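Right, one structure below, let's go through it.
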Amino acid sequence: MEGQAKQAYFVNEAFNHEEPPQGGGASGVGGGGDNLHRRKSGGNKELQLDMGGLKKGQDVAGSDPPSMDFDDILPLIGEFGRYQKLLFICMIPFSFFVAFVYFSQIFLTLVPEQHWCHVPELDGLDVEARLALSIPMSNGEYNNCYMYDVNYTELLAQGKVMADPKWPRVKCRHGWSYNFTEIPYSTVATEQNWVCDDAALPTYAQSIFFLGAIVGGLLFGWVADRFGRIPALIGTNMMGLLAGVGTAFVGNFWQFAAMRFFVGFAFDNCFTMMYILVLEYVGPKYRTFVANMSIAIFFTGAACLLPWIAYFLADWKLLAIVTSAPLLLAIFTPFVVPESARWLVSQGKVDKAVGILKKLEKGNGRQVPAQTYQIFADSCKRMREQEAQNGNYSVLDLFKSPRLRRTTLLLIVIWMAISLVFDGHVRNVGSLGLDIFFTFTLACFTELPADTLLTVILDRFGRRWLACSSMVLSGVFSLLATVVPVGIYSAALAIMGRFFVNISYNIGLQWAAEVLPTVVRAQAVAFIHIMGYVASIIAPFVVYLANISQALPLIILGILGIIGGLLSLLLPETLNHVLPQTLSDGEEFGRGQSIWDFPCLAKQVDDDEEEKRNGDVEEVRSQAFVRGTQTGASLNASTGGELRSSILRRSIKSRNSTKL
């Protein structure tokens, strides 16, 4: 029986257990009702046996019921076995989907910088002759929006070849002519002449896209909560498919805007639901790798490929169809990807969740005793009974105490700054003075080194100073790009700004999930994420300011980056700290910390050496305040991916309610 207990009961220090605020929780083997005995965390991410209260020969039944959650059982069925590797590969198409949904409008609405009023009477002349006779000069270049108001038939009859600058001017009457040398295809913007007075229409359409993302997040979040993650994943991709293909058949701006609104429903849930599902079935030891590398490799690869798909197709309607049609593959998801076991448990379908785990066990070639599954099922049922304890809190509770109110407002402002700066850099590539296809590819490629670097350093240097330094550096490089000549130098500096904001983006909402107390974490992070979408709605208008001054968008992005970075110093560090659970924990969290505290400089004591010196002294903490992780590495993976999704509230809610 002792051997079975060892197999059945584990304490995993790499996962964020989110216990109820007070009482009622199932304690570990040998644990008391009010206190939980555990070792002081030394940053160890490995699985550890906890035989705390079990003495040799003692049966499990002779003590309090053992508790086991998903992260305790995953090492037994395989943390990253054949089945999980298959799921990891299955993330590839969904990574392409979200990249295409997010970025495709850039290449659907491109407008060549060189465009001029079309004069039908001069169609028989070459381009230079037409421009010389019909288009006034402005700052040494031909004006994009005005032509001379004269009788061109008479001018041709008189043999005129040069315009008189004193001739009267008028806005374009017969549309525009475009130079398609740099952008080798017609777009919806050029076909419908969204230039001059209508130049802001693509900007409006992009903002409407983000409005759709907010509505879609709420809608498919409800679907995910009510019917499961797989139906929501299929639904959001089908919406993206239909609206994306429909974009190719629009006849005016409002039709285009409507299609982009519904395409927005698919952002970013068309990928993130799959992202969450895969992370649920990957063991804590590998979550950081899967969470970051799926973005760094798959998403980055798709984003870098997109401009060249547009370039070689050279047809905006075909581009809309080609980038949307693959979403149809989502209908095959149920045949490969299992439903969320955590969601099944939250719905009381524990037997189905156990069935999925047994499928993983078989796929990985493992053998898990039946008693282990029984302990797991019993734990799930006990945890679910405690769900109501977290149901009486809301986001408003964060604003009732001074420190929590300050922290929440800081998180909102910082995340809005990060979201705006990130999206601004994404869409400002067309204003950098270089070939947009090459520049976009290079800028997107920065995601790979940014995510890789973050995977290595995040749990060494902590959140606060990494967020501050990356945001400030993003702002500094953005500002420097405005004081050098437009071209390769300004583009290189702007791309460095994009690199650093990539790092900030990946830190941002994970940090929020760690700082905010468990009882309101799900709702609060979802609210902060929505505020990020609000900032993204503004971002296209910031980029549009390039029509006034090419440097203006980068100046705004630079200032916001520096302000956001400096504000992040006012938030508490979470690395190697017990995370807050109750509102009172949240109010006290970070009190006494200095902004000059660096986790990497803190004295690290090896657990084994500490045991030898202290005689294996244990730390006794209140059950209401104990966590299973102090490192944050697994939180980066298990919640970091969810934080990109507007369905986070539902996903974390299910996890909180089951304590899994």
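The backbone N, Cα and C atoms fix where each Cβ goes, glycine too.
The region 'Disordered' annotation in TrEMBL covers 16-50. Taken from TrEMBL, the feature compositional bias 'Gly residues' covers 22-34. For 86-108, 204-223, 230-251, 257-277, 289-310, 316-337, 407-424, 436-458, 465-489, 525-545, 551-571, the entry in TrEMBL reads transmembrane segment. Look at TrEMBL and you will find 152-576 tagged as domain 'Major facilitator superfamily (MFS) profile'.
Across the domain 'Major facilitator superfamily (MFS) profile' (152-576), the model assigns an average pLDDT of 89. Under the criterion of 3 or more C-beta pairs below 8 Å, with sequence separation of 6 or more, the transmembrane segment (257-277) and the transmembrane segment (525-545) do not qualify as touching, having fewer than 3 such pairs. Long-range contacts of the transmembrane segment (465-489) within the same chain, counting only residues at least 6 positions beyond its ends with a Cβ under 8 Å from a Cβ of the stretch, are 414, 417-418, 421, 425, 432-434, 454, 457-458, 496-501, 503-504, 507-508, 511, 550-551, 554-555, 557-566, 568-569, 598. Scored on C-beta pairs under 8 angstroms, the neighbour of the transmembrane segment (204-223) with the top count among 230-251, 289-310, 316-337, 407-424, 525-545 is 525-545. Highest Cβ pair count under 8 Å relative to the transmembrane segment (436-458), across stretches 86-108, 289-310, 316-337, 407-424, 551-571: 289-310.
When each of 230-251, 316-337, 551-571 is checked for Cβ pairs under 8 Å to the transmembrane segment (525-545), 551-571 comes out on top.
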